[in-house]
Amino acid sequence: MRLEAAARMDVFRMLWAARKLIVVVFIPLFLLPLPLIHPTSEACCAYVLMVTAVYWVSEAVPLGAAALVPAFLYPLFGVLKSSEVAAEYCKDTTLLLMGVICLAASIEKWNLHKRIALRMVMIAGAKPGMLVLGFMCCTVFLSMWLSNTSTTAMVMPIAEAVLQQLICTGLADGHADSETVEAPEDDSAASEKEEGNLDKNQLELLYHNNGSVCSKQELTTLSEVQCCEGNGVGLEATSNPTYIRHTNGLLPQVAIEFPNVKRIKARRDSQYPTKRDHMICKCLTLSITYAATIGGLITITGTSTNLIFAEQFNNRYPDAKVINFGTWFIFSFPIAIIMLVLTWLWLHFLFLGCNFRETCSWSKKRRTRREMLSEKRIHEEYAKLGPISYPEVVTGVFFILMTLLWFTREPGFVPGWTSLFEKKGYRTDATVSVLLGFLLFLIPARRPFSSSCSSSSCRNTDAESDPMAPMITWKDFQKLMPWEIVILVGGGYALAAGCKVSGLSVWIGRQLEPMSGLPPWAVTLLACLLVSAVTEFASNPATLTVFLPILSALSETLRINPLHTLIPSTMCVSFGVMLPVGNPPQRHRL
């Protein structure tokens, strides 16, 4: 029986190890009767859609590889021509993303993100509550323009340096220190003070022998376990005992052991000095991941789900012309600010308590010495960056210029700069993004007419060897370019195009007609609950790519404005944070 049970366990282990291969092989075979029994265009498109969705949700193959399934199954089943499918894999948002990645590569290469983060933390101060808020604000700002995962990866090393200082100086325990002493000392100072007191106590101890007093030179400290054998008395020393040795040639050597002074330190069994230090570390780490998600909601390029929504909506409703960089920012910015404040308050309540006056005060009188030491460490990290360099200035100018051109292209309430051109509709946000990104490959990283580059700009070997080295190179661009996301978004466009051409969208809409009796708010609530549940186990882009065509058809069938359903669903996908695998920034933190 035991052998049979062991054999069954071995079989289960082999099946579990090969689970991805089983899904990849058997799911297409299991669903194959659908297009064979019903050889219609709708059934063939549904087959491709289900196979791709299962691959995405299960992640049996990489997301980018699964997104290529429509590229060969649609032509094989006669849903779309190969050239038509290929055209869906590169859209306007792809070029928009490429231009933004060029700017992100320049920001990361020249450490502009580190300067921005440290400057915001310096403004916020070293109080625990304000420190967390400062890191959240800088993370939100960076995540507006960079991907959420990249922003978390950039900010976390800076936060780790601050956390090390928290552990060393006990910043989070400042409240307890302020109640006991006005200027608490660090561990090394306390250690020296204890040793000084110990020596003083030793000097006060008198060893009388024939009316003489033991001198300071007769005090010796032994670090090993010793036994005195002169008089047959053995005294076993512990960790680091202190002895008085007095020899005057008349009496035998006698060892007297003085008890050790035990240093009392909190949480010796933990890597954190106090429990409050542990709480501030948890709060700061979680706040960065949540802030990256919140910042990604503000702009179209902040996260891939926003790009997917914008492109699919504009493709399905080309005459709407309501979704662009400016309109999305105006809509999402107030929501992000509210989410930022609520998240900060909730994390503060969970980990730091409700004493906001003590943890969020900007008053210099309330700062303890430990907080001053932490602020000094932050200033030292900022000083290591040196003066602002020429490449950082160029990157900052391009950043501001790109933002202004996006906002003023078609603001809506006034004519934008596109009205200066005769032909309308040719210029988009991608045009600005690609143009400025292309210029970063041309502009030299060294200041013109200067014999030597600054210390900050000379950190790069390319700038040292070649005086005409550009701001970024193709290698810098490739490091950050998320090609998997590009192909994934393209696969979603291909699926949406196939559903529209084959008539599957119309068929889905007819099946959803029984829901026409529901009020619009109930439909929106159900859609948000559905995508929120799925995205906890599947990736955010894959979830949204699968559900957007279905929700669009549902909105059309129920005669609801699609924006009322699609925008809340898009935002809910980004907030799938209940499980560690539900959000990329959380996976990076782990």
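Our numbering is plain: 1 for the first residue shown, then up by one each step along the chain.
Cβ atoms here come from the backbone N, Cα and C positions, even for glycine.
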Tell me which range among 3-22, 23-42, 563-582 TrEMBL lists as transmembrane segment.
563-582
Listed range which TrEMBL flags as transmembrane segment, given the options 154-179, 284-309:
284-309
Could you check whether the transmembrane segment (127-146) packs against the transmembrane segment (329-356) - three or more CB pairs closer than 8 Å, residues at least 6 apart in sequence?
yes
Cβ contacts under 8 Å made by the transmembrane segment (426-445) with residues that lie 6+ beyond its boundaries:
92-93, 95-103, 105-106, 110, 300-301, 324-325, 390-391, 394, 398, 401-402, 405-406, 409, 418, 453, 457, 460, 462-463, 467-474
If I count Cβ-Cβ pairs under 8 A between the transmembrane segment (53-77) and each of 89-107, 284-309, 329-356, 485-509, 521-551, which range comes out on top?
485-509
Sequence-remote partners of the transmembrane segment (385-406) [C-beta within less than 8 Å, at least six residues beyond its ends]
99, 103, 106-107, 109-112, 114-115, 118, 145, 325-326, 417, 429, 432-433, 436, 439-440, 443, 445-447, 453-457, 471
Could you tell me what the rest of the chain brings near the transmembrane segment (329-356), counting residues at least six beyond its ends with Cβ under 8 Å?
128-129, 132-133, 136-137, 140, 172, 175, 279-280, 282-283, 286-287, 290-291, 294-295, 297-299, 407, 567, 571
